[in-house]
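Marked as glutathione binding site by Swiss-Prot on the basis of similarity to another entry: Ser15, Pro16, Ser42, Lys43, Lys56, Val57, Val69, Ser70. Taken from Swiss-Prot, the feature domain 'GST N-terminal' covers 5-85. The domain 'GST C-terminal' annotation in Swiss-Prot covers 92-219. According to Swiss-Prot, the feature phosphothreonine maps to Thr158.
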Amino acid sequence: MGEREEVKLLGTWYSPVVIRAKIALRLKSVDYDYVEEDLFGSKSELLLKSNPIFKKVPVLIHNTKPVCVSLNIVEYIDETWNSSGSSILPSHPYDRALARFWSVFVDDKWLPTLMAAVVAKSEEAKAKGMEEVEEGLLQLEAAFIALSKGKSFFGGETIGFIDICLGSFLVLLKAREKLKNEKILDELKTPSLYRWANQFLSNEMVKNVVPDIDKVAKFIEEFEDRAQYIRCF
């Protein structure tokens, strides 16, 4: 790409969906300017102008053109900088379809279940919600075994689309485990997924991008009783 190319990312430090864009940019060795947004205060004019429909982060601005929605951004990065780094999406159409399917599963089924359990008021509702979260993780365990084919990641030897989609929530999960003294990723129940999580977070492309677990735990503790908590992620 040309020297005059301008890349800017609007985000919030604690947001898993923003982490997705950051990891993709890192994988593709893309230099960019980062703009921190305060979603609990006044949203910037740039954010409202760049994403007038959803008014949410992340937003990738590439040569003045905004790209919105986290997984859409990841695909855009993969296609735009296709000569840099390994491909994020698989090359075969069927494998790409599977990657998108499981990413939809994470965002449209598993994540809403997790967030409902997090904000549930009664212990009964929390317990039921966490059972459903565990069921989803068992399904993801089976998917990992099938898709990774004995390799380190859902994408095989390298971090791919599903890895970014699910892996972006690992710091949140570990922060809750630490804060609540509860196990979400269980080494005995989902051993392959447990190993994958450790490999993902220790990967050079990830560990300097994701926020500190203790910092996220403190943030959760401060905001989880507020109605706005759900907006954090």
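Note that Cβ sites are derived from N, Cα and C of the backbone, with glycine treated the same way.
Assigned with DSSP, the residues of the domain 'GST C-terminal' (92-219) fall into helix, strand and coil as follows: 94 helix, 2 strand, 32 coil. Counting Cβ atoms from all protein chains shown, Ser70 (glutathione binding site) has 26 others lying within 10 Å of its own Cβ. Residues near Lys56 (glutathione binding site) in space but far in sequence (CB under 8 A, at least 6 apart, same chain), listed by position: Leu39, Cys68. Summarising the environment of Thr158 (phosphothreonine), the number of other Cβ atoms within 10 Å of its Cβ, over all protein chains shown, is 16.
With every protein chain in view, the residue among the binding-site residues Val57, Val69 whose Cβ has the most Cβ partners within 10 Å turns out to be Val57. Of all residue pairs in Ser15, Pro16, Ser42, Lys43, Lys56, Val57, Val69, Ser70, the annotated binders of glutathione, the farthest apart have Cα atoms separated by 21 Å. If you count neighbouring Cβ atoms within 10 Å for each of the binding-site residues Ser15, Ser42, the highest count belongs to Ser15. Here the domain 'GST N-terminal' (5-85) has, by DSSP, the following mix of helix, strand and coil residues: 29 helix, 17 strand, 35 coil.
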